[in-house]
């Protein structure tokens, strides 16, 4: 593996991000790539993966694309971007599917990769619901399934707490074996004992130092410190001197959130001018407790005292979710509760953001965005500031900058609570509150009851809905319309899982039908609201119900993944668009959570309720920004697993058609002709 | 030009999925104008344009043949799977709405991605969608009222889909979220020049 004179300038930048990089990596070497944020580590990894797209920028000396799918495995910082499957097993099979491997081999490779990456989860679980550590291991399995010769890892543990990160690191090192390994990381300590070579990058991916870690540590120490790779013996963050008693701003008493696994009652007092760190292993319910504190959710038990909503500021884990303005300064003053312009300018100055006052908030770097969100929160002069993981994924210098801002907040008399697993932040806090580990195996979701309709191929289920809809156009009279509904009523039990579920699905239909009856009676050709008009309305209501109800009932048994399998294998639609559409549909739960978080962040800033058109428009834009940014990372992860060339991909699961489908087709044909027969019966009577 | 890179494909389908989710929240807008539409159904046409947004945004951002149709179909299928009260009618609506916008950009042979084309797309979608709703849902509505509804549809298509969609695409380009797409690259070149 070697690059000579690599240069890269993205079209959106004036300056190159890599300027003349020469690098030779012999097979089997383990390389640690270090350097501060913005030094171009990620771009170098992308280049080594052969995934820099000449359409995206000007490049010289680019590494050619892999000669076979998945030859070079790539793992990204945020595993959420790597996940594509509805289940763990299906996710691991994605690469082999792209490579067009036959089903038996593909299944075996996926299973082995999951084992090697130490994913000890039920293969039928949804990866997007797993914990961060598990997700990163699933992503590792996804890369391994294609048997890569080279593993490229981009800060694979920076989003994880220390014990979880250690687990992921062990899994990575265990699977590396004789493979070549290149890890980019800004916290190098834990990797050092396991690598043969340390390369320190400066701005524009210039090599500042290159050699065995021991040698660099003894001879080039000053370079490592200057590059921000090695922290100077961090003058242990001044433990704040004894502070006098201060007033309690908010408190939790005996609070539990059983739905999130937090069953032990929690007592917590937040005092003015104090920084409290909320810690606990992942899955302990830190975010849930924050939500209870700010009043976003009700606790299972216990009491909460908190200031008025205008006196609470919340900085969510993804601060860009709350951005609403087009310049940094407007962002700080966006909340109706942030009225003091002088304060805003002063805070921007303190946060080092003053030179960026006119920049677009979404164009800032990750660290700058965190600081902006905190500044915007402080501009509201809150009594209580609540932050969720404010330093996650940042390098040492940027973490300290965030900490300084939190100090600024306490100096202004604000009570600050930060959920965090960052030891730097925890050490600097005035108080610390630990949450216990969640009870193991908490809240198993019961499998939904199976119904006969589940046995049908998604295409058969679709055919039932489509033919029934076409058949409904034969309805001409209210008597015929009501008779046309009879088979739907008789067959409904075959597709209904529970009475409640059926009511949830059917109620909107009946309301729409009633609305249509009313509209027809009011605005039809017959005199408005006459007896005649109401009978036409009744006919329309019956017709529209016959149109939609069979389809809606049958669709309750259709899942995106089997639908994609059917479209690809039975209808032979092009594999890439079908697979991509399934990936998008599988993310709906995740998108729904993002949407809720975005609306929440806006409401908390006093920008309006979820019914305000302005808030809805802003939230849609924020969801799109988040989704599109993610799409770039996702595309990268998918291409490293061979998706770009997957025009002849295979499918991990078959799309079976059986005797039940014959019956289903019969039902579909029956629903097509029945309304016509019903009209004839009514006409004859 | 017509080759879909993974990022193009993914952005297209994710625009559809994101709107599929946002649409659930948009139901709130209908309750806002509920009193008006109960008395005069054609007024509901005033909101019609928001449903065509995935199509126009995908076309303006990705700039590939088929993007508008694919994004709108993903949004429609998603609504359908989540239990939309219009069942398979939703899929036909997706075809009409995506098809209308697609047609507008096809007429320029995918060379122009400007406000007037976006407005034309919104108008064509409105026309097709109105035709489908007339056939499927409002057969018995008198032609006078149906005509009024068409006027509202066209207005909404032009404004809420065309103008708002175009403005949203500008806002998204400004955030830098689409720098790797054709639309973002053009913006980047314009800045450089």
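Placed from the backbone N, Cα and C atoms, the Cβ positions cover glycine too.
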Name the residue range among B:113-132, B:173-192 that TrEMBL annotates as transmembrane segment.
B:113-132
Going through B:7-26, B:69-88, B:113-132, B:144-168 one by one, which has the most CB pairs that fall under 8 Å from the transmembrane segment (B:46-62)?
B:144-168
For the transmembrane segment (B:113-132), sequence-distant contacts whose Cβ falls under 8 Å of one of its Cβ atoms, 6 or more beyond its ends:
45, 48-49, 51-52, 55-56, 59-60, 63, 68, 89, 92-93, 96-105, 107, 149-150, 153-154, 156-163, 165-166, 169, 183
Would you kindly list the residues that approach the transmembrane segment (B:69-88) from elsewhere in its chain, counting only those six or more residues past its ends and only Cβ-Cβ distances under 8 Å?
12-13, 15-17, 19-21, 23-24, 52, 54-55, 57-58, 94-95, 97-99, 101-102
